[in-house]
Amino acid sequence: MNPNQKIITIGSVSLTIATICFLMQIAILVTTVTLHFKQYECDSPANNQVMPCEPISIERNITEIVYLTNTTIEKEICPKLVEYRNWSKPQCKITGFAPFSKDNSIRLSAGGDIWVTREPYVSCDPRKCYQFALGQGTTLENKHSNDTIHDRTPHRTLLMNELGVPFHLGTRQVCIAWSSSSCHDGKAWLHVCVTGYDKNATASFIYDGRLVDSIGSWSQNILRTQESECVCINGTCTVVMTDGSASGRADTKILFIEEGKIVHISPLSGSAQHVEECSCYPRYPGVRCICRDNWKGSNRPVVDINVKDYSIDSSYVCSGLVGDTPRKNDRSSSSYCRNPNNEKGIHGVKGWAFDDGNDVWMGRTISEDSRSGYETFKVIGGWSTPNSKLQINRQVIVDSANRSGYSGIFSVEGKSCINRCFYVELIRGREQETRVWWTSNSIVVFCGTSGTYGTGSWPDGADINLMPI
């Protein structure tokens, strides 16, 4: 091979190698770009459509490392499509309740900027639990906290934090509200927020952070809602709302909401005479609520909601050990399932109960006349047998020497069953404690357990003499 041929051969080989390297670099670039954009798509096997991966739908981040020569590519694998909650699992079998959370808001207010609140409640999305309360537009160590005993002002807002995090200055104000309810349908939060004049209030329906619908007062007498979580089944959320007299006949309606839009309104039917401040829980395929009769009964009304056909029925808890305050003593009290007992029916307090076969679990103040102390127990036959009074598994949550307040239920879905939990509002300040000018609360939370448990008392615990006036 002469020198010219050698040069041509070497040149050809070099050109071939350069071409191959160039093509490899193009392939690497194409692969990189493809994988980069591919991470923002999910293939839905059900309808073979390409669905965008929204950040709110990502349950966990999984990183896959792919090596191509010296290039490292990070690819986020798309999670399964988020679905509506259906709450079809059975209710957990429990022996009682175990301590879960306590926020100590009043004690912390003695040395920090903590919101003045009342009407707290708890609700959970599929991953976390959150605490809510109606703020008074002020912190406790602030002169605006004077006279915060009043329920309805334009400054009240719905506050939301992770459970166990007190309502500090960085707390999110979800909406304007002096009455509220919240629930998560599996995809996003729904907040029902009532505010405005007593005779012409507005309920706003906020879904996924956006105002979707609203409704005005229908009886011009303090439109109000649950002050605890609503319930969503297969994308339909139900909320109980009342407008009318707090000590006489009122107009209660059950609203059915889908992604924030009111799709149906059903009037209350059945034998319940007065219904407000309901504590609701999923009882697949429907929703069941235990409410407050502020007119005729110290036994609690039951509202059963059929989510499929929008029908409503109502009655009263059968247990002769009744749940409202004020009430007669346990020897004298009664309940016969269908009607109010006409025993100290005027006034009352928000509370809860839930059925367990023929039995009923319930909570109530220890005092028969005031919001002091708190206890839970099970009544054998209390769901099905009129005036049943056999009590078992009693627990003291707050001893009788300390104040309590509202209480309500929330549900938590586990791997195999749905657990029932409750919170107790621990009110401090006015009217009873006149050294200070404010009224606020902390909370304590318990959940059902199938295990064993001990005893104790979990009051608010703040020394009123150490608190700002």
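Even glycines carry a Cβ here, placed using N, Cα and C.
Marked as active site, proton donor/acceptor by Swiss-Prot on the basis of sequence analysis: D151. For D151 (active site, proton donor/acceptor), applying a Cβ distance below 8 Å and a minimum sequence separation of six or more within one chain yields R118, W178. Taken residue by residue with DSSP, D151 (active site, proton donor/acceptor) is part of neither helix nor strand, so it is coil.
Per Swiss-Prot, the feature Ca(2+) binding site maps to D293, G297, D324; the stated evidence is sequence analysis. Every protein chain shown contributes to the tally, and the Cβ of D293 (Ca(2+) binding site) ends up with 22 other Cβ atoms within 10 Å.
The disulfide bond annotation in Swiss-Prot covers C92-C417 (among others) and is backed by sequence analysis. Secondary structure at C417 (disulfide bond), taken from DSSP and collapsed to helix, strand or coil, is coil.
Proximity of C129 (disulfide bond) to non-local residues of its own chain (separation of 6 or more, Cβ distance below 8 Å) is seen for S101, V122, S123, E162, L163, F410, V412, given in sequence order. Under the DSSP three-state reduction, C129 (disulfide bond) is assigned to strand. Look at Swiss-Prot and you will find C124-C129 (among others) tagged as disulfide bond.
Long-range neighbours of C230 (disulfide bond) (same chain, six or more residues apart, CB within less than 8 Å of its CB): S181, S182, C183, L190, V192, C237, T238, V239, C280. Annotation source Swiss-Prot lists disulfide bond at C183-C230 (among others).
Other C-beta atoms found within 10 angstroms of the C-beta of C237 (disulfide bond) number 28, with every protein chain shown included. Annotation note: C237 (disulfide bond) sits in a strand segment as assigned by DSSP. Sequence annotations record features per position, and here Swiss-Prot assigns disulfide bond to C232-C237 (among others).
According to its DSSP assignment, C278 (disulfide bond) is in a strand. The 10 Å shell around the Cβ of C278 (disulfide bond) contains 33 further Cβ atoms across the protein chains shown. Among the features that Swiss-Prot reports, disulfide bond is placed at C278-C291 (among others).
Taken from Swiss-Prot, the feature disulfide bond covers C280-C289 (among others). Under the three-state DSSP scheme, C289 (disulfide bond) falls in the strand class. Note on C289 (disulfide bond): other Cβ atoms within 10 Å of its Cβ, all shown chains, come to 29.
Residues or ranges marked as disulfide bond in Swiss-Prot: C318-C337 (among others). Every protein chain shown contributes to the tally, and the Cβ of C337 (disulfide bond) ends up with 18 other Cβ atoms within 10 Å.
Note on C421 (disulfide bond): other Cβ atoms within 10 Å of its Cβ, all shown chains, come to 22. Under the heading disulfide bond, Swiss-Prot lists C421-C447 (among others), citing sequence analysis as support.
Over the region 'Involved in apical transport and lipid raft association' (11-33) the predicted model carries a mean pLDDT of 63. If you look up Swiss-Prot, you'll see 11-33 marked as region 'Involved in apical transport and lipid raft association', on the strength of sequence analysis.
Annotated topological domain 'Virion surface' per Swiss-Prot: 31-469, in sequence order, evidence recorded as sequence analysis.
Marked as transmembrane segment by Swiss-Prot: 10-30.
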What three-state class does DSSP give C337 (disulfide bond)?
coil
To the nearest whole angstrom, state the Cα distance for the pair C447 (disulfide bond) and C92 (disulfide bond).
11
Among D293, G297, D324, which are recorded as binding-site residues, the nearest neighbour of C337 (disulfide bond) by Cα:
G297
Which one is it: of the recorded positions C92, C124, G297, C318, whose Cα lies the shortest distance from the Cα of C291 (disulfide bond)?
G297
Distance from C232 (disulfide bond) back to G297 (Ca(2+) binding site), taken between C-alpha atoms, in Å:
29
